[in-house]
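Record features (Swiss-Prot):
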- CYS99: active site, proton donor (ACT_SITE)
- PRO8, MET9, GLU10, GLN69, LYS140, ASN200, GLY201, ASP202, GLY224, ARG225: FMN binding site (BINDING)
- ARG36: site 'Interacts with tRNA' (SITE)
- ASN96: site 'Interacts with tRNA' (SITE)
- TYR177: site 'Interacts with tRNA' (SITE)
- ARG276: site 'Interacts with tRNA' (SITE)
- LYS278: site 'Interacts with tRNA' (SITE)
- TYR283: site 'Interacts with tRNA' (SITE)
- ARG299: site 'Interacts with tRNA' (SITE)
Amino acid sequence: MSRLFLAPMEGLADYVLRDVLTDTGGYDGCVSEFVRVTGSLLPARVYERETPEILAGGYTRSGTPMVIQLLGSDPEWLARNAAYAATLSPHGIDLNFGCPAKVVNRHGGGAMLLTNPELLNRIVASVRAAVPAHIAVTAKMRLGVSDASLAIDCATALAEGGAASLVVHARTRDHGYRPPAHWDWIARIAAAVDVPVIANGDVWTVADWERCRAVSGCADVMIGRGAVSDPFLALRIRGLMDGSPSDQEWPLVLRQIATYLKKLHARIASCHEHGRVKLWLSYLKRTWPQAAELHAAIRRMQDSLEIERVLEGLPGAATAPE
């Protein structure tokens, strides 16, 4: 059976949304937003804040294993931080070689590292040597910066450095998130390396998942924004829910939104809560027209309690008990 993973999504899939989405079900694992590593050893409180799953043995509340993702460009400091992070009960250490954000790339991190296969190899080898053998070290990459000319060289460098598996987002950095994802390139990479490759990019529906697997040749798939747009996508892929979204599911989505807002109360400042809910609704609009109506209704609201009252007034929005 194909495995399904919830992707790391910086600025989108924080701990609270990871908790809500994995609680919905269908995922074999999830990866945290990246933890940025510079020239210091990060203390436990950073991981407790960014990856609270470590306080529960490395699992989300639903029991989904969580992998900590690190982002940086210095092999020594990444290795030191990975060695410490490995003591905190994650189910693996993932290395970010795909972030397209300008602020990250400006400092030589994320996708910018795809210009230097030799450095990629040194980073993975250093981290692999520093982390106990029973903890997997994995990597997530894009196809390159402006083109895919070094894609196979980079993937080979990562695999030879000791990465247990590779997630390949089938776009370059400059491609951003614009469609289409080039799943055929994932197939080329998978044929060139001796480690498992997990396909990623543009999986919004069950049909997309089927096409992605067929074109890439990969059994396993990592889902990102498609999971945010349709929280039931993993269950649809597994055949546990209808293959296409329906109006009958909207009350379930409302309950998820209400639960999400409730959980945000305990995690972030109230002045930021409204923005997170609106951000999620902006993705849900792709799947449910009702989300567009709700987004329009709360668009100017900045008080999360006011948004909560709107949700409470909608049929089916009552949250499930904790």
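Any Cβ shown, glycine's included, is placed from N, Cα and C.
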Exercise. Among the recorded positions GLU10, ARG36, TYR283, ARG299, which residue has its Cβ surrounded by the fewest other Cβ atoms within 10 Å?
Worked result: ARG299
For this session: Out of the binding-site residues PRO8, GLU10, LYS140, GLY201, GLY224, give me the one sitting nearest to ARG276 (site 'Interacts with tRNA') by CA distance.
Result: GLU10
Exercise. Just checking: which of ARG36, ASN96, TYR177, LYS278, TYR283, ARG299 have a Cα that is within 10 Å of the Cα of GLY201 (FMN binding site), counting only these recorded sites?
Worked result: TYR177
Problem set entry | Those recorded positions of ASN96, CYS99, LYS278, TYR283, ARG299 having Cα within 10 angstroms of LYS140 (FMN binding site) | ASN96, CYS99
Seminar exercise, completed: Students should find that the Cα atoms of GLY224 (FMN binding site) and TYR177 (site 'Interacts with tRNA') sit apart, in Å rounded to an integer, by 11
Problem set entry | Closest of PRO8, GLU10, CYS99 to LYS278 (site 'Interacts with tRNA'), Cα positions, recorded positions only | GLU10
Exercise. Rounded to a whole number, what is the top Cα to Cα distance in Å among the residues the record ties to FMN, namely PRO8, MET9, GLU10, GLN69, LYS140, ASN200, GLY201, ASP202, GLY224, ARG225?
Worked result: 21
